[in-house]
Amino acid sequence: MSKFNLYSDYKPLGDQPKAIKSLVEHYKDGIKEQTLEGVTGSGKTFTMANVIEQLDKPTLVMSHNKTLAAQLYEEFKEFFPDNAVEYFVSYYDYYQPEAYVAQTDTFIDKESAINEEIDRLRHSATQSLLTRDDVIVVSSVSCIYGIGSPEDYAQFTLTLQTQQEISREDILKELVKMQYSRNDIEFIRGQFRVRGDVIEIFPINANYALRIELWGDEIDVIYKIDALKGDIIEELQKVIIFPAKHFVIAKEKQETAIANIKKELKERVDTFKATGKYVEAQRIEQRTNFDMEMLQEIGYCSGIENYSMHMNGRKWGETPYSLLRYFPDDYLTIIDESHVTVPQIRGMYEGDRARKENLIQYGFRLPSAKENRPLRFDEFMRAQNQVLYVSATPAAFELGRSKNKVEQIIRPTGLVDPEPIVRPIKNQVDDLLGEIRKCVDNNQRVLVTSLTKKMAEDLTDYYIKMNVKARYLHSEISTLERTEIIDELRRGDFDCLVGVNLLREGLDLPEVALVAILDADKEGFLRSQTSLIQTIGRAARNVNGRVILYADNITDSVRNAVNITKHRRKIQIAYNNDHNITPRSVVRKLKDKKIEEKVDDIQEIDNITTDEIDEIIKELEKEMKQAAKDLNFEKAAKLRDRIMELKEE
């Protein structure tokens, strides 16, 4: 019987049944890598869920950013309410890694703000992987970064049950070893408090606390309690408590690690002194000795991950521990939006290494800090068992490695791909003006992509002079303002949005009936086959969707993008005719305007006192933290940008 139970009001439709059947059969036949190529809106996530249920194995779902990962996490939680659906992304609301700028002799210390809720979810993910076999972890690229060894992490669990003979002192010692700290006043995750023979523990992965009541050296009763009010939720017979941090090691291993770190330190100091670098020698000696004292005293130090090679007992160049090591041997990895996520995985190692080289060269870190790193791409691929690449535009890498590719071209809504039209570049601006006016007459919106920021601004100015309600969008506009502009387009406050790279906005706007691609024959990143197909897809949410590509030369990218779109459109129209389906535009509610109204209320800064601004900032910070806790990162980003603007005032 399957461990995964998929709940949905829908059954697979269109291309979904065929795609699910093909993928599952090939995986069961031993195929390692496959690709699901599905157009926007074809229900790829539902197909992924069906594959997980039928393969019946733990699954890692990777996405290229936190917001998309949060959306997938929510969808999979709805599909699999009986199973462990977990979320593993970076727990930093804000993160400035330590760095050194040699030109100005400036050391930038690590600065971060940890999101406690995401930290809880990260621990929940690792604990589920070690205790259950019905786990789905939705993750960003964070899953390839170093965390502690799963063996050490599992070794430090504390199992408590009623009638167990154990003294109060022994329980407290174990909790301290597991990096829990005592705090009898403030009670938060990763802490415990003691009142006589009653110990209350707030597990790192929980929204509740545990109350252990002892009778002498025996556990009398265990309760799950409300952490804030202390009310009893239920009585428990047995509990398993996991460490408060992912980096935990036994005392003996720690002593060996410290000895090896000191040995490396001596070699590094000698090297610096031999080359006359006395400042660097003093710096590395002082910093490392301070960390070692902290380790010996409390078993932890700030930046402990930089000593992970020694802590884990790894050799130079050996693959570091990451979330992947917590999965069993037989698991599935689904890489969503693989055309973006795969290159992102590739790039993590080199970027991390370049920053560390500077820190090591100038005596801020030991050379072994380089071994606290994300996985190299070859290490990531070696760690895989079976992989599913998912994208509307899979890249050559995915297609080249996949033994089977399945297509999802039919949308459940019956929507077909927009009609692609190629026109000459001559008079493209005025030709497009006529098309925009037609759309405005039909209460439709228009997206226009230009090659440069200057062109986007000039084009917008020209169209405004021609009485078109137009706005532009590019990378210099803040996150807050970008989101507001997109919402205003949907509401009809203006009709035409001009941008450079509209792909980065994640624009799926049902109101957009025309997408115009200017200078479509200028080969490059934004006019590649993949980018053109992705841009064309921006008009695929409207039943009247069209795309105009302005090009004098039919490049391979233009030809392939147009041919692929026409091919899909032909299949979709034939399917609709055969099944008597009438296409209908996607209907999507506009977002809640409460935040926008709050921002509007405080636009007139000149009329507000400094104290009032401080109060507004406090209120917005509270809302920002709640939004991040709720995994609503778009809302959190808007609030963060507004807070920064207010602080500048």
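Any Cβ shown, glycine's included, is placed from N, Cα and C.
Lifted from Swiss-Prot, the feature list:
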type    : residues                                               : note
BINDING : GLY38, VAL39, THR40, GLY41, SER42, GLY43, LYS44, THR45 : ATP binding site
DOMAIN  : 25-178                                                 : domain 'Helicase ATP-binding'
DOMAIN  : 428-594                                                : domain 'Helicase C-terminal'
DOMAIN  : 614-649                                                : domain 'UVR'
MOTIF   : 91-114                                                 : motif 'Beta-hairpin'
Lowest local Cβ density among GLY38, GLY41, which the record lists as binding-site residues, within 10 Å: GLY41
For SER42 (ATP binding site): intrachain residues, at least 6 apart, with Cβ closer than 8 Å: GLY14, ASP15, GLN16, GLN408, ILE409, ILE410, ARG411, PRO412
Secondary structure of GLY38 (ATP binding site) (DSSP, helix/strand/coil): strand
Proximal but sequence-remote residues of the same chain as LYS44 (ATP binding site) (Cβ under 8 Å, at least 6 apart): LEU36, GLY38, ASP336, VAL390, GLN408
Cβ neighbour count within 10 Å of VAL39 (ATP binding site): 25
Summary of DSSP states over the domain 'UVR' (614-649), given as helix, strand and coil counts: 32 helix, 0 strand, 4 coil
